[in-house]
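Asks: Quick one: the structure is below, questions incoming.
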Amino acid sequence: MYLYTLILLFLASANVNAYANPGACSGNCWTHDPGLYQRKSDGKYFRFATGGGIHIASADSLEGPWTDDGYVLPSGSIIDLDGKTNLWAPDLHYHDGTYYLYYAVSSLGSQNSATGVATSKTMEAGSWTDHGTTGIESTPSSPYNTIDANWIAVGGTQYVNFGSYWNNLFQVEMENGLKVKSGATPHQIAYNASGIHRQEAAFMFERNNYFYLTFSGGIALGYNDTWPAPGEEYFIAVCRSTSATGGFVDKNGVSCLNSGGSLLLSSHDFVYGPGGQGILQDSSKGFVLYYHYADTRIGKAVEDYQFGWNQLKWENDWPSV
């Protein structure tokens, strides 16, 4: 909890020039909790976002121009829970010739949640098949909330990271891209002990024999009603480990299970509350951090959020923006 307080104090006093501004974006630049993937066949970019049946946008470059292509699941999910027509937090991966998209079915403040999955050969609108629940589900008696799924494969083993608030971030082994492994039990990989445990949006990736766990912390929404106190808005942090299944620590060696986390990106210049992040291994730009943010020159409502991206820089195997 003490370390998490230090992060908030640093956010409130950070040099506004410490970060590079987001890369250029033209066309449809709205997004929320983006998922981003580059098609294997031709390098075209597809960007997915929270809302409706998961928004789809596409472009031939990260800079755009981005076009609005419709929805992954125009009629919503076949999972019968509140929120089935307003899906959240898309996560993309490619495996054995198929694109997989994980999505969350839930409602604000509820643990009645499930992680669903849809598949496609192209990522184009109209090409997606909904397979319903992965078996990653939660109820009010669960220690976690099964939203914000993120897939990673290590050798021949697949895992999904998930979680938001409650006891924060968990991981579970998958049988395949569609279903959780029979008998698998989720285990905790990160926890923020302070306040109401504002931690979510796990995204894990591998580089140079390290596994990096990025996540979002702080207040994610409601900026159109009240600005949070300086430093309490959304931000992105990172820990790393030599194992994908645990042992994550920050730059100071503090465990991510004990409120650890090194700041990766926070508010600066016109960028406010960056979060809902992921990492794209771009064919030409290398590791790219992508996220949504409120542009203070445009507006602070969710409807005004913008697509942000930055190429990561590296020092001593730690990323920076």
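The backbone N, Cα and C atoms fix where each Cβ goes, and this holds for glycine too.
Given the structure is predicted, the values throughout are model-derived calculations rather than measurements.
Residues or ranges marked as signal peptide by Swiss-Prot: 1-18. Here Swiss-Prot flags ASP33 as active site, proton acceptor, drawing on similarity to another entry. Per Swiss-Prot, the feature N-linked glycosylation site maps to ASN192, ASN224. Annotated active site, proton donor per Swiss-Prot: GLU200, in sequence order.
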Asks: Would you find the one among the glycosylation sites ASN192, ASN224 whose Cβ has the most company, meaning other Cβ atoms within 10 Å?
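Replies: Per the Cβ count within 10 Å, the most buried is ASN192.
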Asks: Would you identify the secondary structure of ASP33 (active site, proton acceptor) according to DSSP, in three states?
Replies: coil
Asks: Whole-number answer please: how many Å between the C-alpha atoms of ASN192 (N-linked glycosylation site) and ASN224 (N-linked glycosylation site)?
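Replies: About 26 Å separates the two Cα atoms.
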Asks: Within 10 Å of the Cβ of GLU200 (active site, proton donor), how many other Cβ atoms are there?
Replies: 26
Asks: For ASP33 (active site, proton acceptor), what is the tally of other C-beta atoms lying within 10 angstroms of its C-beta?
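Replies: So the number of other Cβ atoms within 10 Å of ASP33 (active site, proton acceptor) is 27.
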Asks: Measure from the CA atom of ASP33 (active site, proton acceptor) to the CA atom of ASN224 (N-linked glycosylation site) and give the result in Å, rounded to a whole number.
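Replies: Answer for this pair: 17 Å between alpha carbons.
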Asks: I'm trying to understand the geometry here, so how far is the Cα atom of ASP33 (active site, proton acceptor) from the Cα atom of GLU200 (active site, proton donor), in Å to the nearest whole number?
Replies: 11
